[in-house]
Amino acid sequence: MSFDAWNTSEYIIPLYFIFNLINYSLFLFSSIWSKGFINIIVIILIIIGQHACILKKNIHQRLHMTRYNFIKRNYSSKLSNNLYKFNEWLVGLTDGDGTFSIYINKNKTKVQFIYKISLVKYNIQLLYKIKSYLGIGQVKTDNINKMSSYLIKDKDKILKYIIPIFDKYPLLTSKKYNYDLFKECLLISNDFSLNHNEKINKIYNLYYNKSIPNNYISNSWKIKNNLNYKLEDWSKQDIKIIMSKYWLIGFIEAEGSFYLVNKDLNRIVHGFSITHKLDPIVLNAIKRLLKIPTNVNYNKNNNLYKLDTTNSKSIEYIINYFSYNNYKPYFLGYNSLNFRIWSRSYFKHKNDYNKLLNIQELLRKIRKN
C-alpha cells in the first residue's frame with residue numbers, strides 16, 4: 001500500500017498503523033506537550049527500522065515506507081531481487097568512506113591489517129547490511145564522535161573475501177594507491193619463505209617509507225588506450241566502461257548530498273552536490289555522466305573538490321538516474337530516505353515556497369538526528 005506523504009488530510013490512516021503509534025506514543029506525547037501542535041512537530045529515526053515520522057495536523061505518519069531490519073533480514077528487496085551489483089556498490093562506498101590500514105606495534109612484533117568503512121552513527125544500519133552480505137566483520141560505534149564503523153581484521157578473511165572484490169572492481173580514487181600497498185603487504189605476511197621478523201620488517205619498510213605521489217590518479221583510468229586524463233573528449237560510454245552505475249551509487253551514499261537551498265527570499269530550489277578530497281578526475285567524470293553543466297570547484301581552505309548543481313534539467317536527470325520502479329531510490333542507506341523526500345518534493349511542490357520550506361526544515365531535522 002502507498003499513500004501521499006505530504007497531503008495527509010486527504011487520506012484515512014488504516015487501523016493497523018495504530019500499532020506503530022504505540023511504539024512511539026511516549027515520545028510523541030512528550031514532544032506534543034513541550035512543543036505544541038505545529039505543522040511538523042517531531043522526526044523520529046528508528047535505527048532498526050529507519051522510519052522518518054512526523055506529526056502533521058495531529059496525524060502520525062511514516063514518510064519512508066521501506067522498513068530495514070538489519071538484524072533479522074539479510075538483504076533489502078533490491079538485493080534479493082538481483083537489482084543490485086553489490087560488489088561494485090561496495091567499491092564505490094569504499095572510495096568514499098573506506099580505508100585500508102596497517103598497524104605495527106612499537107616492538108615490531110605484531111602487524112594488524114584492517115579494512116574499514118566509517119559512517120555517521122545514524123547510518124549504522126548500512127554497515128549491518130554490508131556485514132550481512134559479506135558474512136564477516138564487526139560493527140562498532142564511537143558515541144563520542146557519533147560515528148560507526150564496519151571492520152574486518154582477520155587477514156585470511158580479507159584475502160578470501162575482500163581482495164577478490166577490489167581486484168575485480170578497481171577503486172577509482174587515490175585510495176587505489178593505498179589498496180595496492182595494503183595488498184602487497186598482505187601478501188608479504190603470507191609469504192612462507194620469510195620468517196616472522198623478516199615479514200614485519202619488510203612490511204614496515206614498505207608501508208611506512210612510501211607516500212602517495214602528488215596528483216596521483218588511479219590506474220583504473222588508464223584502462224582505455226589512447227585516452228588522456230582530459231575528459232572533455234571522452235564520451236559517456238568511455239566513462240561508463242570505467243565508472244559503473246553501481247559504483248556511483250555507492251560513492252554517493254558516502255559523498256553525495258540532496259538538499260534544498262534558498263535562492264532568494266521567496267524561492268527555494270533543489271540541489272545536489274558531491275564533496276571529495278583529491279581526485280578531481282572522479283568528480284569531472286560524474287559531471288559528465290549526470291549531465292551537470294557547472295564546473296568542479298576547488299576550495300583551497302578546505303582542500304576539497306566540489307561538484308554542485310541546482311540546474312532543473314540536471315536535477316530531473318539525477319532523479320531518474322537514481323530511481324527505479326516509480327521513483328524508488330537505488331540507495332541502501334540513509335540517502336534512500338533523503339532522496340525519496342527530496343525527489344518527490346521536486347515533482348509535487350516545485351516553486352511552492354511554503355511547502356518546500358517545510359520540507360527543507362524536515363530534511364534538516366533528519367540530518368540532526
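Glycine residues also receive a Cβ, built from the backbone N, Cα and C atoms like all the rest.
Small disclaimer: the values here were computed from a predicted structure and weren't measured.
Taken from TrEMBL, the feature transmembrane segment applies to 12-30 (among others).
TrEMBL lists 36-55 (among others) with the feature transmembrane segment.
Residues or ranges marked as domain 'Homing endonuclease LAGLIDADG' by TrEMBL: 90-185 (among others).
The domain 'Homing endonuclease LAGLIDADG' feature in TrEMBL is assigned to 248-326 (among others). When DSSP labels each residue, the domain 'Homing endonuclease LAGLIDADG' (248-326) comes out as 28 helix, 30 strand, 21 coil, counted as helix, strand and coil in that order.
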Can you tell me how the residues of the domain 'Homing endonuclease LAGLIDADG' (90-185) break down into helix, strand and coil by DSSP?
47 helix, 28 strand, 21 coil
